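According to TrEMBL, the feature transmembrane segment maps to 58-76, 82-104, 116-135, 147-165, 195-212, 224-243, 249-268.
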Amino acid sequence: MGADSGPGIPAAVPWRKVLYERQPFPDNYVDSRFLEELRRNIRVRQYRYWSVVRETGLIAQQVSWVAIFLTLWYYMEQGALVPSAVLLVSMGCALLGYGLYEILGGAGVRERTRLADLQSAAIFLAFTFGFSPVLKTLTESVSTDTVYAMSAVMLLAHLVSFPYAQPSPPGSLSLNAALFGSVCLASRLPGALHTFTMLSCALLEFALWPCLLHRIREKAKWSFPWAAGLVCLGGVGGVGSLWPEGAVLLSMALLILTLLCPLLLVHLQRHKDNIHGPWDEAEIREDLSHFLN
């Protein structure tokens, strides 16, 4: 920073912060008013602890859905669950969820009719059922360890790429990763009906449930923590029925995710220090769309 006045600089000539005018000052000269425009943390968002805890419930319930899906797959792979019974329960849950989605939607203008929704569901079920024998034999030439590894990577990619800020509809990468992992696991089940049932459950959990959850967050905010909590309890209970130590680990992970991580975020906010001033890049806030016409 240069001085306001000095040898060789006329004191009567004020310095102006302009580029189009020749002035008797060096190019890198600034006066003492330069730091008067310094601003700190002007766009920093202050978080409240319980608000962050509420938002992390979305992540916790998505992790729990993956645990529930793996539990269902294990029981079907071991023959402890009849696929027809699981399919009937899934269809009942789908109808119940669709009815709740319609009730929460209110009397607004619908983009699709109920007949169109029914046709889409029927087409999906028909194609999935018809291709179930093909999907059943899709990974016969691949070793089981490789299939399990691919499924684990795809489900992890689903959790990482899931659009938690706006989970309706799910992102293409997240949904495709979840369905690919589901196909890999379903191909190791005993029969074609098992494969069809598992893919139907995957669509219900990874594609339809996020849309309903987003509608619940918008229209019935008070019920969102209860819905997320029930899903988390279902995930912990499912893992506990197979591996009690795993249920303890999952519970600890969910508690850390929902209670400790928000506390750490709120604590680190006080150390945030962003500075803004005349050295920042210029931001054009005027609407320039009329120049494009």
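Going from the start of the chain as shown, residues are counted 1 onward.
In case you wondered, yes, glycine gets a Cβ from its N, Cα and C as well.
Model, not experiment: these values are computed from the prediction.
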**OP:** Count, for each of 58-76, 82-104, 116-135, 147-165, the Cβ pairs lying under 8 Å from the transmembrane segment (195-212), and report the range with the highest count.
**Re:** 82-104
Subject >> the transmembrane segment (224-243) versus listed stretches 58-76, 82-104, 116-135: most Cβ pairs under 8 Å >> reply: 58-76
